[in-house]
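Here is the structure we will look at.
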Amino acid sequence: MDKIAPFLSKVFGLLAFILFILGNILLFSPLPSTPLSCYHAAPLLWWGVMVVTGVGWFLLAQLLLVVVLVGLGSAVVVAILAKIGIEANTSLQARSSTVSRLSPLTLAELHALQYVCYIPSTSREHFPVENLPHPAIYLDDQKNTCGICQDTFVPPQYGKEQLAQWLIELKCGHVYHAKCIDEWLIKGSATCPFCQRSVRDVVDPSSAGGSQGSTLVNERRDSAFSTW
Ligand SMILES: [Zn+2]
Ligand SMILES: [Zn+2]
């Protein structure tokens, strides 16, 4: 019985569908308004078929309604999901860009930072800035220490061997020993240790010197001073 029931259900379904089609043909072909129609031959039978076929129409209309509603509903759900998905992607991108903005600098990015030569602002006349290896930065006594190691910056030495301390000025204006800020930016995060401002948005990696940059960085780490 368990096997026969689904089979019978299908057969009756098919039969009902055929009868429904046949009923429609009998009802409307030819149209009831023409003299040779079924309606004129047997009006009661025609109305009987009409009632049964009407039930079929009702069921069909229900089916169509369900299809339309499901279609509309799923379209709305898909649209909502797409919107949520896009928003999720956007926030993900924002997050990842924040992360990449704060992640440690590469050596090439590090080399693109601004080197400066410290000149005491109180005695700038003693330090001619011509031919300095890097742009001069004038700092008073309150600002001439490295925020990382707390050591005071050393002004350029003019002698037989001309020496200038390797210093880096970040875009925020804070100055550090290159050796000190190197460690922070490469092993820590791409921010100023003092004011937390990102240094990456002011770095242009395309202007970095590639392998030459790495060499310079290594050289800088070996000595606290540069010669020129
Ligand atoms: Zn330092
Ligand atoms: Zn800063």
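Think of each number as a place in line: the chain as shown, counted from 1.
Every residue, even glycine, has its Cβ placed from backbone N, Cα and C.
Bear in mind that TrEMBL entries carry predicted annotations, made automatically and left uncurated.
Under the heading transmembrane segment, TrEMBL lists 12-29, 41-60, 66-86. If you look up TrEMBL, you'll see 146-196 marked as domain 'RING-type'. Feature annotation from TrEMBL assigns region 'Disordered' to 204-228. Taken from TrEMBL, the feature compositional bias 'Basic and acidic residues' applies to 218-228.
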Practice prompt. Could you pull out which residues elsewhere in the chain have a CB under 8 Å from any CB of the transmembrane segment (12-29), counting only those six or more residues past its ends?
Written response: 38-39, 46, 49-50, 52-53, 56
Fill in: Spatial neighbours of the transmembrane segment (41-60) far in sequence, C-beta under 8 Å, 6+ residues away
16, 19-20, 23-24, 26-27, 32
Practice prompt. List the helix, strand and coil residue totals of the domain 'RING-type' (146-196) as derived from DSSP.
Written response: 10 helix, 12 strand, 29 coil
